[in-house]
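What follows is a set of notes on a single structure, which appears directly below.
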């Protein structure tokens with residue numbers, strides 16, 4: 001089957017709806033929607049839930065942008081894209097809970113296609129999901145990775161280990177020499193063996209996010225927390241901000257190419273703190289996190 005951008009777009013719109021409805025049902029609060037247009041072509045729907053019963057902030061963004069030519073910054077490393085019209089679309093989301101015992105979660109699925117008359121289209125899928133705990137619970141990590149492995153299994157035995165490693169490698173803060181969290185799945189430039197296969201995998205990842213995350217939310221939402229746990233959560237959120245602004249390719253590309261800033265920065269936590277050379281107390285649950293987020297085989 002030829003690449004079908006319209007079909008992908010319809011799935012992404014439904015996925016945004018489904019995830020928002022599911023998160024609202026769990027939380028009790030509703031998303032507000034901000035529809036926007038891109039002057040150069042395209043637009044999107046940014047949805048945010050703030051100060052809910054469980055989630056301090058959850059952002060679920062759909063975007064679809066298109067144009068007659070790629071920016072020079074994009075074609076410098078991909079000369080085959082020069083002179084082609086393009087479409088880029090995706091759903092991206094980040095959930096920051098109130099309760100420090102519930103991890104922050106992130107997911108993204110996307111599709112890109114560039115075309116010109118008389119030539120085959122250039123296209124690929126990308127995406128994944130990853131988990132950032134503040135307090136480590138092994139059963140949560142095992143569930144998260146088992147869900148990831150199970151959705152990958154129909155697509156080949158090597159898919160989960162390959163995309164788990166890619167996720168571990170990608171979500172790494174080089175300036176801190178530490179992982180952002182416990183990873184999950186990350187893939188990009190996926191265009192083999194064919195469109196149908198790749199699209200099916202992207203759908204499995206998108207649909208798998210809530211299956212991976214919500215059981216963890218349910219398991220941790222009633223845990224009692226106080227000022228100590230909250231301060232540690234805000235401190236660790238600083239690492240999230242550092243990664244997104246220093247290392248994340250999507251954030252940097254969006255800001256450098258005139259993307260919609262409010263939507264790009266929707267992933268930022270609403271509150272965060274830094275403290276010079278802060279060190280957790282030896283033997284404390286906070287100190288245990290650095291060991292917990294080390295790369296390992298969880299299943």
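Note that Cβ sites are derived from N, Cα and C of the backbone, with glycine treated the same way.
Binding of divalent metal cation is annotated in Swiss-Prot for 106, 145, 175; the matching candidate from 96, 197 at the same site is 96. The substrate site recorded in Swiss-Prot includes 108, 109, 110, 258, 259, 260, and the single candidate from 92, 267 that the record places there is 92. Of all the Cβ atoms in the protein chains shown, 11 others lie within 10 Å of the Cβ of residue 258 (substrate binding site).
Note on the region 'Important for dimerization' (240-275): DSSP counts are 22 helix, 0 strand, 14 coil. For the binding-site residues listed here (109, 110), the lowest count of other CB atoms within 10 A around the CB belongs to 110. Classification of residue 175 (divalent metal cation binding site) by DSSP places it in coil, neither helical nor stranded. Residue 109 (substrate binding site) and residue 145 (divalent metal cation binding site) are 18 Å apart (CA-CA, integer value).
Taking the recorded positions 96, 106, 145, 175, 260 in turn, the residue surrounded by the fewest other Cβ atoms inside 10 Å of its Cβ turns out to be 175.
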